[in-house]
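Working notes for the structure below.
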Amino acid sequence: DGSLFHAPAQAQIVHAGQACVVKEDNISERVYTIREGDTLMLQCLVTGHPRPQVRWTKTAGSASDKFQETSVFNETLRIERIARTQGGRYYCKAENGVGVPAIKSIRVDVQYLDEPVLTVHQTVSDVRGNFYQEKTVFLRCTVNSNPPARFIWKRGSDTLSHSQDNGVDIYEPLYTQGETKVLKLKNLRPQDYASYTCQVSVRNVCGIPDKAITFRLTNTTAPPALKLSVNETLVVNPGENVTVQCLLTGGDPLPQLQWSHGPGPLPLGALAQSGTLSIPSVQARDSGYYNCTATNNVGNPAKKTVNLLVRSMKNATFQITPDVIKESENIQLGQDLKLSCHVDAVPQEKVTYQWFKNGKPARMSKRLLVTRNDPELPAVTSSLELIDLHFSDYGTYLCVASFPGAPVPDLSVEVNISSETVPPTISVPKGRAVVTVREGSPAELQCEVRGKPRPPVLWSRVDKEAAMLPSGLPLEETPDGKLRLEHVSRDMSGTYRCQTARYNGFNVRPREAQVQLNVQSVPPVPPEVEPSSQDVRQALGRPVLLRCSLLRGSPQRIAAAVWRFKGQLLPPPPAVPAAEAPDHSELRLDAVTRDSSGSYECSISNDVGSATCLFQVSAKAYSPEFYFDTPNPTRSHKLSKNYSYVLQWTQREPDAVDPLLNYRLSVRQLNQHSAMVKAIPVRRVEKGQLLEYVLTDLRVPHSYEVRLTPYTTFGAGDMASRIIHYTEPINSPNLSDNTCHFEDEKICGYTQDLTDNFDWTRQNALTQNPKRSPNTGPPTDISGTPEGYYMFIETSRPRELGDRARLVSPLYNASAKFYCVSFFYHMYGKHIGSLNLLVRSRNKGALDTHAWSLSGNKGNVWQQAHVPINPSGPFQIIFEGVRGSGYLGDIAIDDVTLKKGECPRKQMDPNKVVVMPGSGAPRQPHPQLWGPMAIFLLALQR
């Protein structure tokens, strides 16, 4: 009925990294424990058809650990050197559009143990009115770890506990960060002066060793104490070399000294060495607080601070203040006038000011007063007051600020007082009250100031509450009255205020004006179209309509649309009436042919720019989609080193194009160049129908690349490829006489017996030890290829006479009366012991019975044995290798087959090794062979 073959996504997380332990929590939650610094590897194994896409995500960790979203099959998540912040829950999401996505999660627990920190605190209390003093010592040990650490306190090498010594108390204080244990030594006794060790342990989880820290307590143990070689405030000149010494006056053990600077790090070039801080050629920017700290983990750290002041002066400003009492804003003869001068200096209070009039020092008189700290002005400002202004007071006044005796250049500022000295006015130039600009371009706002002198202009924003200027400042000074803005954005729109400053001019109410800035939205934008690229499939002879749509742009209209086929211009499609203003352009192909297949381009423009839609038109079939979840796809064959593989797939959208005629199958062994090619005819293929094909005569244990290409009357369609790997089947009598070649690590479900002396070893000629004992053991497996594996017992030291190794098969349910166990053995060496075959019956408890045994040297050949057994219920078979009298006694087995029915009557010549011919595919009459590989198809009609 052609019903769809789809399977929803399923997922499971497996770990392949350096796990310490993976445990299921009581809430059946999976927890994966790993040591900090190891490599985390999680794999999401998925099933489902079509093949699901996998994506890893994470919660509960720092935001910096976001993964790139991945979409790769069987995605492996790998984190090298995992950090504690990367613990948390990891989710794997598998999605294939069928049903709901599968989501699995695992919690990753990162384990670590930091170095412990030990601090000591002492208290002394007077007892019974000063007759004697009691001393109590607290040793506090803190560590960060996961899982929580266990603490052990030791005095010398003896472990301490309150029960053994009532002079000690061990407790966990409240409100501590990390984990902390305190050892309290009450009323100190002579024997308490000793070495104390705090040992922390996470019980060797993840192999993390214990850590410890030791402190020696003596009667001189004391917290650090400090003094400085300079005063707490140090004033220096720029360019001087500064040296400050931090001297220890106490502390046992010897404290560590460290210098720091606030704010910010120590200046470049500064050197802090064993308590001495030196700053060569100090600059004004090096001013600040310098802290010397001494720590020895006893008591609290000692700290001393130096406030370093480097003499400097900058920003000389002046103010002209008309008669305040008369509330005047102009200079008028007969009224008072005050001139003020200020510099920003370090240290501010050490600045001296000097006034000059017309080049000569200003003389104090009844009408000319100089005051140092004007209460109405910033600290340390000098004012020159002119009482009852006369015409003779007009002139040029100069204020000079200096640091006496310091090599800091003087700063000066000049003020002209005349009948032309007038307060400022401010206005916006004509036509500049509203400035309109496009988003992203620069803008200039301008205010003009008149007056003498002309003060700076301060800009701020009016309409937004406490809004900042684009510079990030609330107020910006411009010397010329122009505020320049780069790359304006929409949020810069609004009203801006310009006002006169009250310095470097008249100290009067600021004059102000306003400018409106309008930012126009987006400039013209070139078009965006869809589809940018589209794959168009259609059967031969059928029509196709290609449509290219304008998604967005400014202006949002199509000015021109041009179509090309394989780069050549096509005649324009019929025009649409202008009134309809289309948002797309269409091209109709009457029939898809071989000649009309190829790439079509539609270029759409909107006067600003253009964009292109790309269409690939063809009648090619879509690719097949392999089915990866075939149960037990591998079949291996008795006595031959061949296997067959069941290949299954569905065809993607078979009805989109002409009916499928056949598939071309190519099979290539990896690492080889030549491939076998075969055409496979098919009848009508339905959407979702599962097709099946059996590949035979594949060589164990090689992998192959399979390529599958659909063909229609148009020709080849899209190819799909996959790699198939040989996997050993789990040996069971119900699996049609499978042979175990021991080619993969699962060894067909065989296990090592836990009650024997040693184990069987799986190896091949490539992995065997080059130093192995000569004159014993096989050179290769039964197939003679270096890649082929076999099982053997290694009898060199430390093995002894009579040691046994047992290899136990899976449990088989007996469904027949007789079975035959066939296998090859290799018993070569002068010290060969015995090889035994036992049958373990599982009827009522386990009962082992001997079925076959062979001893002694049988030569450097593989030989075959057939052993009949008749189990009475569920059973297992056991190969037991027994060590002989010396090291030349390696015994090997290979190609074990368990078959229902009786063993072959005629025993083969034991000296001949026979490899049975390929047994072909199990489900069909013998197919036509091509080369060494035979393939046939079973189209599964449901």
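Keep in mind that glycine also has a Cβ here, set from the backbone N, Cα and C atoms.
Because TrEMBL annotations are produced automatically, they should be read as predictions rather than curated entries.
Here TrEMBL flags 766-775 as compositional bias 'Polar residues'. Residues or ranges marked as domain 'Ig-like' by TrEMBL: 8-107, 116-214, 224-307, 322-416, 424-516, 527-618. Marked as domain 'Fibronectin type-III' by TrEMBL: 630-730. Annotation comment: TrEMBL describes 738-905 as domain 'MAM'. The annotation region 'Disordered' is assigned in TrEMBL to 766-785.
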Residues of the parent chain within Cβ reach of the region 'Disordered' (766-785), under 8 Å, 6 or more residues beyond its termini: 641, 700, 741-742, 792, 794-796, 824, 826, 828-832, 860, 862, 887-890, 892, 894-895, 913, 915
Highest-contact recorded stretch vs the domain 'Ig-like' (322-416), from 116-214, 424-516, 630-730, 738-905, CB pairs under 8 Å: 424-516
For the domain 'Ig-like' (116-214), the number of residues DSSP places in helix, strand and coil: 6 helix, 55 strand, 38 coil
Residue counts (helix, strand, coil, in that order) that DSSP gives for the domain 'Ig-like' (424-516): 3 helix, 44 strand, 46 coil
Per-region confidence, the domain 'Ig-like' (8-107) (mean pLDDT, whole number): 76
Secondary structure content of the region 'Disordered' (766-785), with strand meaning DSSP E or B: 0 helix, 0 strand, 20 coil
Three-state composition of the domain 'Ig-like' (322-416), taking helix and strand from DSSP: 6 helix, 44 strand, 45 coil
